Amino acid sequence: MGDFNLALVIVAVVVSVLVLLVSVYLLINYQHPDDANQAYFPKLVVVLGLTVAVLSILMLPADVANRQACSKAVYSGACNLTLPMKTLWLVVYIVDAVLVFLVIPFAMFYYEGDQDKSVGKRLRTALIWVVASAVVCGLVLGILYGLVGKVDFTVRHLSSSVETFPNSFSLSSGQPCINSSPRVCAASTAQANSLTTWTMRATFPEYVVALTTIVGSVLFTIFGGVGIACLPLGLIFSFVRRPKAVITRSQYIKEATELGKKARELKKAAEALHQEERSGKKGRKFRKNVKAVEKELLLLEDDMKALEEMYPQGEKAEATWAFTVLGYIGKLIFGVVGLIISIAWVAHIIIYLLVDPPLSSFLNEVFIKLDGVWGLLGTAAFAFFCFYLLIAVIAGEMMLGLKLVFITIHPMKWGGTLMNSFLFNVGLILLCSISVIQFCATAFAYYAQATAAQEIFGHTLQSLRGIKYLYKYNVFQYGFVALAILTLFYYVIFGWRKRKPTGRFQLSN
């Protein structure tokens, strides 16, 4: 069968089915009881989005394995029987863009529509918003593609005269040409003015992927830079702030009474906002108050969970406390491991991407040596580092969602996640997954060389007119490292402190 790797195709099919099953499992266990046996369309979108996001992350390791399956081919075009990775990349990321900019917004508009309206009116309202967004996005994409949708490749123009092939000859570093007099065939002797620019128009699918990657890269730089530090440090400082002992019953009653007062205040605030919504008043102040209530409710739930940890009840109170202690020990262990991975990531970015020429290929060499130990060990480690980066993005979004007022809080909780929160987080994962793959393809360019991802994300994307300067000057890499360092200082200064009660809650007048 030549270079055709049947095992790779089987693994790809099996992994795709497993990812689909895991997505369904996450939906069932994370969904809120209020959404049980309803909201089937948003649930279908969530499962599809999670599946596409996870498969897009796994496609880069699959691309590397696909390249290795073609190692005996003399040139890339001779390998026609393995997975068509470039086509798969474009299909997955076009689907990704459609989900992020069309399907998920439609599902959110429909789900969050006024429940008092009929299904037809909710569908019409959601469709109007999505069509308006699609028209604007289509016009922007069309105009940009028509004006600057070109790729500029810098090439060196070489030429030489034609010589009759001699019967006998010898070539060496001192004699690189057949004819020793005009050594114009040696690239090393080409003049500086031989550099020229080769311009060609990019395909529209590649341009859509490129612009989507830019949007995702901005979010990835912010959330990923914060998350790469707060993910492990949050676990470690959670262990530092853990409850040291079980509190007394009188302390429990006192704290529970305070939380009860806070809960009643939030209930009154929510009822007032509901009345305001029914009256049609949904201005800027209303949205600000809704976000304030969401934030306070989330903090109240955290306080209730902490109180239950400090005073376990029931017949198995001692066992519950023991599991609580073991849970915090587990957080410490995972936090330390995560901190090592985060340090490795930041160090790799600095010494391989920001230093010119690179000091070392670092993790690229590690993956190659792991492949030497066992064929898929390096690929598995490579996939793990890519997944860790995506998890760091989600951790950064969750942290900043509590700190910045212009970001809507959409927490993910086991058995308590509404579909609008699910859709929001899936959209964020999809949008950032493109940038995670592009970032990994750049950071591990040596390990992932000669892959279809390198062709799309390494050459085409970084040569697009206007966009190429963001990559030429490593704007996203510098921002990522800077935010990681700032987050580290934040945790060193404030991370060990316990959150103080916010006091009496009031809505803005």
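Note that Cβ sites are derived from N, Cα and C of the backbone, with glycine treated the same way.
Over in TrEMBL, the protein carries these features:
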type     : residues : note
COILED   : 256-310  : coiled coil
TRANSMEM : 6-28     : transmembrane segment
TRANSMEM : 40-62    : transmembrane segment
TRANSMEM : 90-111   : transmembrane segment
TRANSMEM : 123-148  : transmembrane segment
TRANSMEM : 207-240  : transmembrane segment
TRANSMEM : 332-354  : transmembrane segment
TRANSMEM : 374-402  : transmembrane segment
TRANSMEM : 422-447  : transmembrane segment
TRANSMEM : 475-494  : transmembrane segment
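Stretch with the largest number of CB pairs closer than 8 A to the transmembrane segment (475-494), among 40-62, 90-111, 123-148, 207-240: 207-240. Highest Cβ contact count with the transmembrane segment (374-402) among the listed stretches 6-28, 40-62, 90-111 falls to 40-62 (criterion: pairs under 8 Å). Annotation: stretch 207-240 has the most Cβ pairs under 8 Å to the transmembrane segment (422-447), among 90-111, 123-148, 207-240, 332-354. The average pLDDT computed for the coiled coil (256-310) is 79. The stretch in 6-28, 40-62, 123-148, 207-240, 332-354 that contributes the largest number of Cβ pairs under 8 Å to the transmembrane segment (90-111) is 40-62. The largest share of C-beta pairs under 8 angstroms with the transmembrane segment (207-240) comes from 332-354, of the ranges 6-28, 40-62, 123-148, 332-354. Within its own chain, the transmembrane segment (40-62) is flanked in space by residues 8, 12, 15-16, 19-20, 22-24, 26-27, 31, 83, 85, 88-89, 92-93, 95-96, 99, 103-104, 107-108, 110-111, 379-380, 382-383, 386-387, 390, 419-420, 422-423, 426-427, 429-430, 433-434, 436-437, 440-441, 448, 451, 453, which lie at least six positions past its ends and keep a Cβ under 8 Å from the stretch.
Tertiary neighbourhood of the transmembrane segment (332-354): same-chain residues 228-229, 231-236, 238-239, 360-364, 385, 388-389, 392, 442-443, 474, 477-478, 480-481, 484, selected by CB-CB distance under 8 Å and a gap of 6+ residues from either end.
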